Amino acid sequence: MQKVFRRFHQTSVDLKEIANFGKLSTEWADELGPFQALHSLNRLRVPWIVQNLKGQKSPKLVDVGSGGGLLSIPLARSGIQVTGIDATKEAVEAATKSLKSKPLKLTGVSQNCRFLHTTVEEFSAKPENREKFDAVVASEIVEHVADLAGFVKSLADLARPGAPIFLTTINRTLASKVAAIWLAEDLLRLVPPGVHDWNKFPTPAELETHLKSANCQVSAISGLFFHPIGNHWTWIDSNLCNYAILAHKL
Amino acid sequence: MRHFIQLRNASTHYYDTVIVGGGMVGNAMACSLGSNQSFNSKSVLLLDAGNSPNLSNFSKGKEYSNRVVATSPTSIDIFKKLGVWETIENQRAKKVNRLFVFDSCSSSEIEFERESNDEVAYIIENDLIVAALFEKLQNFKNVQIRSNAKVAECRIPNSLENMATLKLENGDVIETSLLIGADGVNSKVRQSSDVNYTSFNYNQHGLVAILEIEPIDGKNETAWQRFTKLGPVALLPLSDNLSGLTWSTSPEEAQRLKNLPTDQFVDELNKALFSQEDQIAPINQILFALNRLNPLRKDTFGRKSDGAIPPQVISVQDKTRASFPLAFGNAHSYISTRCALIGDAAHRMHPLAGQGVNLGWSDVQILDEVLTNAVREGADIGGITYLKDYDSKAQKHNLPVMVSVDILNRLYRTDAPAIVAIRSLGLDTFNALGPVKNFLINYLSAHR
């Protein structure tokens, strides 16, 4: 832990969060395990991202907070060149290991995808990454970071001018306290207890402010609704709970 | 695995999808994936155990093949979508605008008819459909075909970590993300998977032949089916003076009929179609009386309405008689990891309603939709998450049809007066209930 602390001492990374996700690293690939809602969220977020990159031939995308590669791998399968970065070492190891599987190798997914153990600050500080990506994704991660403004700034640094930035997260409302904490964690145990800290959930207004100061313009905000029975998601108008933001780097 | 690779002259290939079986359903699946935009960058392999079919065998004037199917309007829509309907129609497809069902034991009858220009079905030769689809497949860059390719061994994995693997008789090894079994009733793919399969024999054989008939008013546009004690006899129009026969009867009878001299065979067939010997008079009297009470009845004064008598059979074409056993079968699940079963490989039913292969084409349509979603959402196409959508939709579509037809067949294989009375009343009532009948027609020719 000491080593990790030293390495990430000036970042948006929250060490408690890193420890939490380290423990869960063996469970990433299980479609019906603790990450089932993230697996089913792919049915919405993959087409959302792919549609917005239509017309570009193998665009370069960075997936910040890629975890076990749950979103990176389907995006790579859709023909996108994906770099997944995550601050949790065990998650990156699990993701990298899955790229070695025969199905991903034979289908060319492994060649389209790589995973790096790093923080977004560290990664975006490197000149070879600065404004080099055709798309930036931070899905279900901004609610886990310690310094939201710094995190959003780093995301923007990675995007080339005009590139889309895709964010999904949870709003800080009474509804989300009931749905994401009491129902999802405590009552239905859809996600492991303690995974979410309600106080860190950003509101759309907060995110929009941070995006603006990072020279990005919000193009669309849409709500996401999770149906626990049947484990599926739908797009809705209300942003009271889960929501998605599409922004563009100016 | 290792001995696969060590075989001499053998090579290992990978395809995103492999379809085993180049029949009416397998070829349709290949066509469907070939024309599917989301499969543009995916590779599809079709393995056909036979020779490549030739469309020119089915041009006008050529002999008719004895295996024919009643293709439902829904299936015609699928053909149109796949771009093969024009090819089929340009060869030969006989439009049927009326289906007439009657009973050897009573005067009950039922008539299915659609608006003058709508068809109830088209009668088409199996091999013509296979050939038209095969020809279309040549246009798709993402589809490869191997003819005369026989599967020696088939392995279906337990998890997505592994691929499905096929070993061909020539030693080639093929790996795939999704194996689609379209290899018929004795499906090797099904047998290699761990799905349970329920099946039973009907102790009936289906006897097929090409018949020359005496058309009524020069037209041959009605499909006829008469239920007899041993099973239903059906005449399916192929041209103005030719019809395909599907005669379900006991295995012994089928054997005997198949070997009869032509003229004797024709006599027996006409007897099966016209004989009044088995009619039960009291039931007919009840039916007549009830018909008089029906406020919706057509005023026919008790005589047969026009067009309620099938055409006389004149002759049977040489060497067109063949028979095969009839059975029911259904896989409890049409899928397992990296494997989907379609058509006869998944389900099998009595031919009396002519629905079997139509259900297979419905499978193709459902599976194509499900795979489109999987690709759109960046998923592994062999994953249970998506395939189970196919299983539940296809089972829900197929089972009601299969079970109803099974019950019909049981109901009509007896001449016990009580059963005859019940079914006759049922059939007549059903015939009189326009809305219910329309619902059934629309279900069988669904989504129109």
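Each residue, glycine too, has its Cβ placed from N, Cα and C.
Annotation comment: TrEMBL describes A:ARG45, A:GLY65, A:ASP86, A:SER139 as S-adenosyl-L-methionine binding site. For A:ASP86 (S-adenosyl-L-methionine binding site), the same-chain residues that are 6 or more apart in sequence and have a Cβ closer than 8 Å to its Cβ are A:GLY65, A:SER66, A:GLY67, A:VAL92, A:ALA95, A:PHE115, A:LEU116, A:HIS117. According to its DSSP assignment, A:ASP86 (S-adenosyl-L-methionine binding site) is in a strand.
Remark: A:GLU140 (Mg(2+) binding site) has A:LEU38, A:LEU41, A:GLY65, A:THR168, A:THR169 as non-local neighbours, by Cβ distance under 8 Å and separation of at least 6 in sequence. Mapped onto three states, the DSSP output places A:GLU140 (Mg(2+) binding site) in coil. Annotation source TrEMBL lists Mg(2+) binding site at A:GLU140, A:GLU143, A:HIS144.
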Packing count at A:ARG45 (S-adenosyl-L-methionine binding site) (other Cβ atoms within 10 Å of its Cβ): 23
Cβ within 8 Å of the mean position of the Cβ atoms of A:GLU140, A:GLU143, A:HIS144: remaining residues of the chain near Mg(2+): A:GLY65, A:ILE141, A:VAL142, A:VAL145, A:THR169, A:ILE170, A:HIS196, A:LYS200
Rounded Cα-Cα span from A:ARG45 (S-adenosyl-L-methionine binding site) to A:GLU143 (Mg(2+) binding site), Å: 17
Set of same-chain residues at least 6 away whose C-beta sits under 8 angstroms from A:SER139 (S-adenosyl-L-methionine binding site): A:LEU41, A:ARG45, A:ASP63, A:GLY65, A:LEU71, A:PHE166, A:LEU167, A:THR168
Those residues of the chain, 6+ apart, with a Cβ under 8 Å from that of A:HIS144 (Mg(2+) binding site): A:ASP14, A:GLU17, A:GLY65, A:LYS200
